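To keep things clear, I will list the structure first and then write my remarks on it.
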Amino acid sequence: MKMTRRAFVKANAAASAAAVAGITLPASAANLIASSDQTKITWDKAPCRFCGTGCSVLVGTQNGKVVATQGDPEAPVNKGLNCIKGYFLSKIMYGQDRLTQPLLRMKDGKYDKEGDFTPVSWDVAFDTMAEKWKASLAKKGPTSIGMFGSGQWTVMEGYAAAKMMKAGFRSNNIDPNARHCMASAVVGFMRTFGIDEPMGCYDDFEHADSFVLWGSNMAEMHPVLWTRITDRRLSHPHVKVNVLSTYYHRSFELADSGYIFKPQSDLAIANFIANYIIQNDAVNWDFVNKHTNFKQATTDIGYGLRDDDPLQKQAKNPNSGNMTSISFEEYKKSVAPYTVEKASEMSGVAQDKLIELAKQYADPNTKVMSLWTMGMNQHTRGVWMNSLVYNIHLLTGKIATPGNSPFSLTGQPSACGTAREVGTFAHRLPADMVVANPKHRAIAEKIWKLPEGTIPPKPGFHAVLQDRMLHDGVLNCYWVQCNNNMQAGPNINGERLPGYRNPENFIVVSDPYPTATAQAADLILPTAMWIEKEGAYGNAERRTQAWYQQVGTVGEAKSDLWQVMEFSKRFKMEEVWPEELLAKAPQYRGKTMYDMLFANGQVDKFPLSEARQLNDDSHHFGFYVQKGLFEEYAEFGRGHGHDLAPYDVYHTVRGLRWPVVDGKETLWRYKEGSDPYAKKGSGWDFYGKPDGKALIISAPYEAPPESPDAEYDMWLCTGRVLEHWHTGTMTRRVPELYKAVPDAVCYIHPEDAKARGLRRGDEVLISNKRGEVRVRVETRGRNRPPQGLVFVPFFDARILINKLILDATDPLSKQTDFKKCPVKITKVA
């Protein structure tokens with residue numbers, strides 16, 4: 001069908017309205033694919049490839065290439081807007097150094113760890129991989145192999161990879177890069193509510209009276225959502241915006257109140273607010289008595305370091321997540337020391353400002369939306385910080401109603417939909433199930449048609465532990481997909497690079513571009529990107545969105561899904577399962593892992609005829625792969641509070657927020673009348689907990705593992721900028737974005753620069769015990785640190801700033817703290 005873009009947009013609007021009303025439209029109006037007569041550009045919808053906001057874009061293709069993108073005016077998330085990265089989506093797939101065929105390190109015609117990258121066929125690549133995997137399995141067993149995935153995997157890619165590792169290879173050594181960004185949020189949700197992901201949604205932006213950003217720079221990291229806050233603030237004079245951070249950034253420009261606090265002291269600020277609420281009789285007793293219980297967190301739990309690290313040895317209760325029941329009076333006593341005087345002293349924030357913030361939470365007539373992302377989660381006490389903010393909302397009853405929302409934002413397009421909901425973490429299964437729970441394993445084994453005892457009960461190696469196990473030669477075969485951890489992860493020189501180059505190990509990296517991670521590998525597999533494949537993402541508000549493949553891949557590049565499924569064909573079940581399992585499931589004897597995982601009568605039950613647009617993966621395997629995987633995965637959540645709609649529905653809408661029950665999405669969870677799982681008459685029902693009550697968890701301030709001293713006298717904070725996404729793999733290959741911000745710089749306070757004899761543009765050496773980098777100084781611009789702190793973004797592959805970061809983690813979530821470590825700054829002569 002041919003139509004103008006205007007007609008296309010009108011048809012989309014009509015289709016959306018008709019879907020709500022249950023009306024069937026003529027094909028010309030219902031079709032979500034269109035072509036412009038004037039330009040011969042075909043348009044289709046897709047979620048943006050970048051952050052976790054989940055904007056929808058219209059993608060224009062011509063002659064097999066993406067030639068244009070624009071904001072989707074029918075999308076409820078972004079309403080036609082895109083940030084600057086989204087506007088240049090059409091260029092991310094066409095960098096000059098795009099990888100087009102497998103590359104294996106070779107010397108004298110065969111694989112060699114010290115050889116040069118040499119083009120090989122897919123058969124040679126997979127044969128080499130399979131040989132290494134089989135040798136490792138035979139010698140050391142399934143714990144010697146591992147996989148590091150991504151919050152950028154599609155739902156189907158993550159599901160297939162997790163199934164291959166946990167059911168096929170029987171190894172839980174799979175973890176996503178979301179471990180570095182969302183793990184503390186996950187554990188915070190699970191401890192407080194017993195179920196993951198926000199209870200609110202983006203509609204809260206249009207209802208809140210006060211916005212509190214806990215360490216988040218939404219103006220640059222979630223700019224489209226920031227426009228909704230901006231619109232709310234500028235059109236409603238009573239609305240207040242509060243921004244808390246360790247340095248000044250662009251979000252402060254809109255703020256009514258800005259709070260620059262000392263690193264780690266957010267713990268003290270949050271506890272002060274809880275104390276203020278109690279002391280000023282602002283507790284919502286009806287809510288607290290009916291819907292909460294009180295717990296005390298175990299303290300002095302260490303920093304997730306190696307067991308022989310002196311800092312870890314000092315901990316009295318290393319890695320303990322235990323909690324004990326306490327009364328309200330005991331909780332009150334635990335926060336009493338956090339007076340305004342004490343909180344001000346610890347944080348550096350003026351007393352009157354702290355009281356101003358606390359009053360907004362305490363006022364029963366003020367609807368408050370708390371927002372956070374990496375500033376809170378990348379924290380050695382990130383789980384505690386998540387809990388402390390929930391405490392404030394629970395004490396006041398400001399939760400799960402329009403405008404009252406503690407909202408954890410995500411940084412990747414499917415950190416929620418894939419990493420969390422699918423369960424690609426080393427300890428998880430789909431729909432909030434975990435490998436350590438025998439009932440959960442039994443559910444997974446039933447859905448996957450596995451004999452009892454297939455899935456190992458012990459969690460696998462998490463991301464940071466994977467690096468250590470590679471370093472120590474315990475983990476020997478390792479597959480990295482859809483991330484650039486050699487640039488993004490911490491302590492590169494100390495753990496990761498030695499692990500990748502360990503002669504005992506074989507490292508495979510699937511990526512579209514020759515990243516720092518790819519260059520450290522032994523085998524590079526070229527990967528299809530974004531709309532070169534069909535897929536689905538899940539965004540920060542529980543919205544699942546799907547898209548069709550719209551262009552072919554470049555060269556011999558293949559999707560991560562194709563790679564996982566095709567690789568599984570290289571293994572007979574006798575090579576991956578012990579005899580006792582095969583004896584329980586003799587039907588799998590002589591079969592391949594592919595037969596067991598994907599040709600199981602469930603994944604392969606949808607014929608190609610059901611695919612409205614045929615995609616390369618489905619064409620290759622002979623059935624509608626994406627639908628089969630999605631529908632099998634959805635079985636985990638339906639009826640368990642994670643209900644998803646039928647797969648085909650997602651291609652007709654701009655996403656739906658789960659749980660989707662009887663065709664209706666859920667905006668506010670846990671609230672009677674909004675959430676179908678909330679019991680009638682309950683008011684609120686936190687059904688993730690057996691008694692339907694959320695937990696208010698007491699946790700104190702505890703110091704970071706390292707602090708500045710006489711030698712390393714400055715704090716270092718790393719992060720992002722508006723124009724680049726994560727390590728810049730895609731955005732630095734977009735000419736306009738590269739020209740806008742070509743290099744990372746060291747943002748420093750002018751007085752700190754002056755004290756070191758530095759001027760703007762001077763080159764400095766930033767160093768600590770873990771390494772050093774050279775970077776130029778910036779004393780002006782968007783980021784303005786206080787004295788004693790520098791900020792350096794990590795998008796620049798020439799400046800591997802994260803190699804200075806200690807691989808300390810929150811002991812409960814295993815998430816790294818990228819926001820504070822001591823360094824020294826010296827001028828390069």
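Cβ atoms here come from the backbone N, Cα and C positions, even for glycine.
Feature annotations, courtesy of Swiss-Prot:
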SIGNAL    1-30  signal peptide
DOMAIN    41-97  domain '4Fe-4S Mo/W bis-MGD-type'
BINDING   Cys48, Cys51, Cys55, Cys83  [4Fe-4S] cluster binding site
BINDING   Lys85, Gln152, Asn177, Cys181, 214-221, 245-249, 264-266, Met374, Gln378, Asn484, 510-511, Lys533, Asp560, 718-727, Asn802, Lys819  Mo-bis(molybdopterin guanine dinucleotide) binding site
BINDING   Phe794  substrate binding site
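Sequence features annotated in Swiss-Prot and their locations in the structure.
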residue: Cys48; record: [4Fe-4S] cluster binding site; contacts (Cβ under 8 Å, 6+ apart): Gly54, Cys55, Ser56, Val57, Asn82, Lys85, Gly86, Leu89, Pro413
residue: Cys51; record: [4Fe-4S] cluster binding site; contacts (Cβ under 8 Å, 6+ apart): Met221, His222, Thr410, Gly411, Gln412, Pro413, Trp725
residue: Cys83; record: [4Fe-4S] cluster binding site; contacts (Cβ under 8 Å, 6+ apart): Phe50, Cys55, Pro223, Val224, Leu722
residue: Gly215; record: Mo-bis(molybdopterin guanine dinucleotide) binding site; contacts (Cβ under 8 Å, 6+ apart): Leu244, Ser245, Thr246, Asp266, Trp372, Thr373, Met374, Gly375, Met376, Lys819
residue: Glu220; record: Mo-bis(molybdopterin guanine dinucleotide) binding site; contacts (Cβ under 8 Å, 6+ apart): His249, Arg250, Ser251, Arg720, Val721, Leu722, Arg782
residue: Tyr248; record: Mo-bis(molybdopterin guanine dinucleotide) binding site; contacts (Cβ under 8 Å, 6+ apart): Gly258, Ile260, Asn783, Arg784, Pro785, Pro786
residue: Lys533; record: Mo-bis(molybdopterin guanine dinucleotide) binding site; contacts (Cβ under 8 Å, 6+ apart): Thr154, Gln549, Thr553, Ser559, Leu561, Asn615, Asp616, Asp617
residue: Phe794; record: substrate binding site; contacts (Cβ under 8 Å, 6+ apart): Gln487, Ala488, Thr718, Gly719, Arg720, His726, Thr727, Ala744, Leu800, Ile801, Asn802, Phe818
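DSSP assigns Tyr248 (Mo-bis(molybdopterin guanine dinucleotide) binding site) to a strand segment in the three-state reduction. In the three-state DSSP reading, Gly215 (Mo-bis(molybdopterin guanine dinucleotide) binding site) counts as coil. Secondary structure of the domain '4Fe-4S Mo/W bis-MGD-type' (41-97) per DSSP, as helix, strand and coil residue counts: 7 helix, 20 strand, 30 coil. All protein chains shown were included, and the count of other CB atoms within 10 Å of the CB of Met374 (Mo-bis(molybdopterin guanine dinucleotide) binding site) stands at 25.
Lys85 (Mo-bis(molybdopterin guanine dinucleotide) binding site) has a Cβ environment of 22 other Cβ atoms inside 10 Å. Apart from Cys48, Cys51, Cys55, Cys83, the [4Fe-4S] cluster site neighbourhood in this chain, defined by C-beta within 8 angstroms of the site C-beta centre, holds Phe50, Thr53, Gly54, Asn78, Asn82, Lys85, Gly86, Pro223, Val224. Looking only at the binding-site residues Cys55, Val721, the densest Cβ neighbourhood within 10 Å occurs at Cys55. There are 21 other Cβ atoms within 10 Å of the Cβ belonging to His726 (Mo-bis(molybdopterin guanine dinucleotide) binding site).
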